[in-house]
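Engineer: Take a look at this one; I'll ask things after.
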């Protein structure tokens, strides 16, 4: 009997150990899926964005492709891809809201105008005059511009005593200083002041990092205007998604409207019809890659990460483009890359994180205030009900 009990105890311990090990393995897999994979995916998305930006700069500078035509072709192909993908993505939704209503069509046409026709054309026109490092620096102005715009529209109240408001003010000032620095100070060329091993490792490339028909200040202002347009676009998009939560269908519609509007703009800006001709070379490759990446890969990865980690998670990875572009500039394009531009972009990234931290801090404070208010009101309601009940009992017990 004792031997039998000992055998059963050993078997139970072995089963417990197996369950613990399998549970540990499951926890490890869960940690990888919930923590490591989203971070890795967002870093790769930002790195791919920079490489596509360098390729787009090359097609416009070396091959002479019009930035306005580039926007039309990429968004046209994105619309074709998004048409089946958006309906497949939402095929399991229980509620299928009508798409072709006048208020929704008005909103998506406005989204296409601001987010595609204005913002993208300004951005790629700015890229044709400057460099991908400017794209990184000016893209990091969005939290600062959003904060300033919200103050002018009286959407938020600035409390100088709160840490969140202080951080947002300081971050906005740092971001603006970085933007002014990247516009007016380029500094020495990396090639003149680089280590010897970097000079030996520098290959000859067909790609272009800085525009061959450079107008640096104009390019910076165009990028800044594009970032400001995206702030307005974010506000319109947030309101649209609240009313119509089928995100990918909204993306398809505003991309389609933006394509039509951008085509009209391109016809007005480009009088020579030969610029519309696509050669079977790097031009076509960059158009296809940009359309597939922007319409399918980036949006799908960002939405997957937001489902796992929250809506603000992708925002933390926007400045990853700065070290990526700086590394490419130092290693591969040292003849045209400047130290001042690199350090200015880093300042923009610091301002971005400071402003973003202040925004998240303010959001947390507002949630706590709302939570405490709702808790207080919940506690008061039973007391009021008890008091009313006592009064009713007194009225019933009292003689008429």
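Using the three backbone atoms N, Cα and C, a Cβ is placed for every residue, glycine included.
From TrEMBL, for reference:
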- 36-56: transmembrane segment (TRANSMEM)
- 53-182: domain 'EamA' (DOMAIN)
- 68-88: transmembrane segment (TRANSMEM)
- 100-123: transmembrane segment (TRANSMEM)
- 129-153: transmembrane segment (TRANSMEM)
- 165-185: transmembrane segment (TRANSMEM)
- 216-236: transmembrane segment (TRANSMEM)
- 248-268: transmembrane segment (TRANSMEM)
- 280-301: transmembrane segment (TRANSMEM)
- 365-400: region 'Disordered' (REGION)
- 377-387: compositional bias 'Basic and acidic residues' (COMPBIAS)
- 388-400: compositional bias 'Acidic residues' (COMPBIAS)
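Each of these features: where is it, how hidden is it, and who are its neighbours?
Structural biologist: Summarising model confidence by region, the domain 'EamA' (53-182) averages a pLDDT of 91.
A Cβ distance under 8 Å defines the sequence-distant neighbours of the transmembrane segment (68-88), meaning residues of its chain 6+ beyond its ends; these are 56, 59-60, 116, 120-121, 124-125, 246, 248-249, 251-252, 255-256, 258-259, 262-263, 265-266, 269-270, 275-276, 278, 286-288, 290-292, 294-296.
Beyond its flanks by at least six residues, the transmembrane segment (165-185) meets 133-134, 137-138, 140-141, 143-144, 147-148, 158-159, 216-217, 220-221, 224, 340-341, 343-359, 361-362 of its own chain at Cβ-Cβ distances under 8 Å.
Under 8 Å from some Cβ of the transmembrane segment (216-236) lie the Cβ atoms of residues 107, 110-111, 114-115, 118-120, 122-123, 125-131, 134-135, 137-139, 141-142, 145-146, 149, 179, 182-184, 186, all in the same chain and six or more residues away from its ends.
Counting only same-chain residues 6+ beyond the ends of the transmembrane segment (248-268), those with a CB under 8 A from a CB of the stretch are 66, 68-69, 71-72, 75-76, 78-79, 82-83, 85-87, 89-90, 99, 104-105, 108-109, 111-113, 115-117, 120-121, 237, 240-241, 295, 299.
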